[in-house]
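Annotation comment: Swiss-Prot describes 4-185 as domain 'UmuC', evidence class sequence analysis. Per Swiss-Prot, Mg(2+) binding site is recorded for 8, 103. The annotation site 'Substrate discrimination' is assigned in Swiss-Prot to 13. Residues or ranges marked as active site by Swiss-Prot on the basis of sequence analysis: 104.
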């Protein structure tokens, strides 16, 4: 049986700000984009959460819920530096580290000999080191499999940890909500509920053939997770799957021409990001995303092995066909990265310059 720890920093961006600026402590604080530029909340303090403020919420709505909210723009470079320090702490206990983002990671400590191999004590030690060296608190989940470690890390927040032992696993998963399983979003959860499936226990006694017929690959995953099975190991060389850029507009726009005026800046920024982080990666698709005034969004993608500026404009036109008279508040573009090594950024740079020169 493996010993997996999921470490999740507590309201990370906001916590860094409160550490560096003590005047923010104990107050409702959020990191995110401004109301004037129609930004969204990246994260917020627990004091702000008491008012209902949440990540990914429109900043304007957050202020309606909490008029005294303190909003700061964020300092990404600082967050990255602290994250590297935290990752160095992880490496003292195991080389098997899978970062999920700046503020969370999986660790496999199955072979760790410290603390007599106790994953519970190792997690406590990691959290102590993080607090002592960075001034930040972390929560942890410990379990024999990845998805349950992630679930567990959320059960004793903030600054706590929760252990699911192999002996606890069968009973724990029976009552676990299907919404906690990665890959089960709002729409899928509603479909499952319509079938009378709300917990892993419900799936355990449901027809496997019916699940596979209705949900395909996700059905197979549901069957495994409902029985506490997750064969995924720690991916220490986890590759980036995509590179993208998007902009939230100061005011809603409505026409194709207005959207097209946004594109050159996005394309230039995408070219820059590709050259920095994926210059030796081959692409397999291009994507355009629009978010409308009702906060619903649509994406259009096309499989391709060569970046084409013209294709981005074609996809934009297709996406706009789904507008239904709604205003557009966000435009985004991205490329999906394949697992090969062909230089792609210079192509985009060249095409971008040609397009902008026309």
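Glycine too: its Cβ is placed from the backbone N, Cα and C atoms.
Sequence features, as recorded in Swiss-Prot, placed on the structure.
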residue	record	DSSP class
8	Mg(2+) binding site	strand
13	site 'Substrate discrimination'	helix
103	Mg(2+) binding site	coil
Whole-number Å value for how far residue 8 (Mg(2+) binding site) lies from residue 104 (active site) (Cα to Cα): 4
Euclidean distance between Cα atoms of residue 103 (Mg(2+) binding site) and residue 13 (site 'Substrate discrimination'), Å: 9
Neighbour count (Cβ, 10 Å) for residue 103 (Mg(2+) binding site): 22
